[in-house]
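Here is the structure we will look at, set down as structure tokens.
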Amino acid sequence: MLRIITQQADVKAELQRICDRTHDEQVLHKEATVREVLQAVKRQGDKAVLHYTDEFDNQILKAEELRVTGSELDAAYQQVSKELLEAIQLASRQIEAFHRQRVPKSWVHFGDDDIVLGKRYTPVDRAGLYVPGGRAAYVSTVLMNAIPAKVAGVPRIVMATPPGAQKAINPAVLVAAQEVGVQEIYRVGGAQAIAALAYGTETIPKVDVITGPGNIYVTLAKKLVYGTVGIDSLAGPSEVLIIADEGANPVHVATDMLAQAEHDPMAAAILFTTDPALAKNVQVAVERQLVDHPRRIDTEKAIAHYGLIVLVESLDAAAELSNEFAPEHLELEVKDPWAVLPNIRHAGAIFLGYSTPEAVGDYLAGPNHTLPTSGAARYASALSVETFLKHSSIIQYSQTALNKVAGAIDALATAEGLPSHADSVKRRIQQDE
């Protein structure tokens with residue numbers, strides 16, 4: 001059952017326990033397995049990818065079957081309803097519109113003495129998107145990862161996703177990928193997919209940036225290949241924290257908590273409220289909705305282990321506790337969310353008001369749903385167009401400008417014991433004289 005505790009209890013310790021839920025001893029064993037997979041794929045390429053696809057996904061493939069064919073992509077449209085296709089297209093438009101507003105612009109400043117300074121943004125050459133399989137068809141993951149890459153101007157976007165029964169990929173995932181400009185799709189999942197994207201194989205291209213969520217093996221693989229390639233983040237299990245007052249609908253709050261818990265047995269769903277009656281009513285509503293929940297086993301585990309209701313003294317106290325937890329998703333189900341918002345410093349995405357469930361942001365509001373988890377919102381942000389961009393500094397000095405700063409550069413280079421640095425300026429000054 002969903003627990004209710006008061007602020008006087010050791011709330012911070014309980015929140016820390018939930019935040020640290022992925023830091024168990026088994027991770028070390030899993031990391032050793034992942035290292036083995038990475039090295040095998042790096043050395044053996046397709047052969048290792050096919051071996052691990054058989055071992056972990058129970059699908060026997062040939063190298064030529066790794067890439068999804070054009071006929072499969074065409075057939076996927078026949079298997080998707082008109083309603084779903086229209087929903088994908090609506091979500092795509094809104095996500096793209098939001099991300100186009102956030103594209104950083106290159107700039108150049110012309111200063112005194114013909115000094116030119118600036119910053120130039122350019123996309124990576126190749127982006128690799130990972131889309132999980134397993135519990136659901138993650139259509140929204142395709143959109144949220146591919147669209148920022150497309151908006152950034154990445155010329156080659158490839159996707160990896162694990163094969164299901166009979167080597168099939170969910171048709172909705174294939175349709176979504178085509179709608180947003182993914183050029184290549186490979187049926188490979190897990191750590192072997194991350195390795196293939198990071199190192200390249202005979203069939204799968206090496207990319208520059210890998211994005212997308214996955215299980216602990218995928219996350220560890222991304223951690224270990226970072227440096228060889230860029231990554232978006234190290235995402236843990238999903239989480240929602242809801243701050244609610246007496247005006248919130250307990251059935252809605254309960255549903256929002258279950259919407260998070262149904263993701264994964266390790267997902268976290270937390271409620272902070274000032275109203276004891278709401279706390280009790282949410283507890284009851286959660287139990288009622290669990291009875292016939294289609295994903296009851298996993299959802300019930302998440303609620304039992306990582307679900308929590310905390311009675312707080314005030315909304316200010318709730319905001320401060322929320323900042324310490326730094327949730328991936330934060331819902332402000334209060335009468336005046338804009339009054340609470342200034343007190344929120346750390347959250348991946350913030351949903352304001354009684355009519356803004358997290359699902360709006362998950363699917364089609366526009367902001368990205370790939371968010372920092374496990375407290376990382378203290379220092380990290382959502383996936384964005386900038387994930388797929390680099391920026392280069394632009395610097396040009398005239399001879400006049402160089403003459404004016406030569407002494408300062410000489411002093412700094414001499415202090416650091418780097419004589420050739422100083423000479424590189426001195427000789428240009430002497431040449432000018």
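Note: Cβ is positioned from N, Cα and C throughout, glycine not excepted.
Values in this document were obtained by computation on a predicted structure and should not be read as measured data.
Site annotation for substrate in Swiss-Prot covers S238, Q260, H263, H329, E416, H421, and the matching candidate from D113, D114, D125, D362 is D362. Of the binding-site residues Q192, N215, S238, Q192 has the largest number of other Cβ atoms within 10 Å of its own Cβ. Using a 10 Å Cβ-Cβ cutoff, Q260 (substrate binding site) registers 30 neighbours.
Nearest by CA distance to Q260 (substrate binding site), out of the recorded positions Y130, N215, E328, is E328. Of all the recorded positions listed (E328, D362, E416), E328 sits in the most crowded Cβ setting, with the most other Cβ atoms within 10 Å.
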